[in-house]
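Novice: These came from TrEMBL, pasted as-is:
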- 38-63: transmembrane segment (TRANSMEM)
- 75-92: transmembrane segment (TRANSMEM)
- 98-117: transmembrane segment (TRANSMEM)
- 138-160: transmembrane segment (TRANSMEM)
- 166-189: transmembrane segment (TRANSMEM)
- 212-266: domain 'DUF2179' (DOMAIN)
Amino acid sequence: MLWILQLLAGALLMALSANVFLVPLKLAEGGVTGIGIILYHLLGVPMWVTQVVVNIPILALGLKVKGWRLIRRSLIGVAAYSFFLAVTANVPPITDQVVLAIIYGGLTMGIGLGLVLRSGGSTGGTEVLALVLQQRSGFSVGSMVLAVDTVVLAMAAVAFSPEAAMWAVITLIISSKVVDVVQVGLYSARGVTIITTRPEPIARRIMNEVERGVTIINGTGAFTGEPRTILYTVAQRTELTQVKQIAYAEDPKAFVVVAEVHEVLGEGFRDPSKDMH
């Protein structure tokens, strides 16, 4: 199955990133991996041991609250990541230059985690804990993960040095951005909303000249109380100027809103079947 291959490849890349780039230069970027790096340097605890010990209670709590269906792939992810951490523990570091370690460590960690998340799994840790606590705390998953990462970075500042923690922040930022790219791709699409009194000619020209579909929505202006027609279309970045030119050529008073689109699935864009496992 494709998802298990993605998960295993991602876990291997994450383990190599940790052992080859992050651990040697004390780049405790956050999460359970960051805790493992701190414990490794302070107490000599192997990275894989920390992963297993910390994640067992987290996964048990997740199983109780969220059920087997959610936790199943995370359990496989934790096992794979821990296994590869043990297998690659003796792989020598490639560089002793902190900047190179930050860049390539962040890239490989981001690619690895992105593949794991695309498979529908995770490597446990803060993501699973945040999902579990979300129901009871009311805080978003993102805010709780950020809080945990902040605590880990503070621990790194005390255990190693403030400078080491500052370097680790950069690694975390790089890996987070790469995760997004791996999950949704390098999309350059834009969502365009057009509020106009001349919807038919604008929609027709966009469909004929740009060859993009258009959705027509009936609305009402809150201030005037008058009916308004809203057009919505998704276009590539290279098509955006043409869409705006059409809108203002047909209606100089049109109100146009352009928003960045992170992912588009469907005809004319990405095939959704490629992401279904």
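Cβ atoms are placed via backbone N, Cα and C, with glycine included.
What you are looking at is a predicted structure, and each value in this text was computed from that prediction instead of being measured.
Please go over these features one by one and say how buried each is and what sits next to it.
Specialist: Distant neighbours of the transmembrane segment (98-117): 6-7, 9-18, 20-22, 24-25, 27, 29, 33, 77, 81, 123, 167, 170-183; these residues of the same chain sit at least 6 beyond its ends, with a Cβ under 8 Å from one of its Cβ atoms.
Across all of the domain 'DUF2179' (212-266), the predicted model scores a mean pLDDT of 88.
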Novice: Based on DSSP, tally up the residues of the domain 'DUF2179' (212-266) by helix, strand and coil.
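Specialist: The counts are 14 helix, 23 strand, 18 coil.
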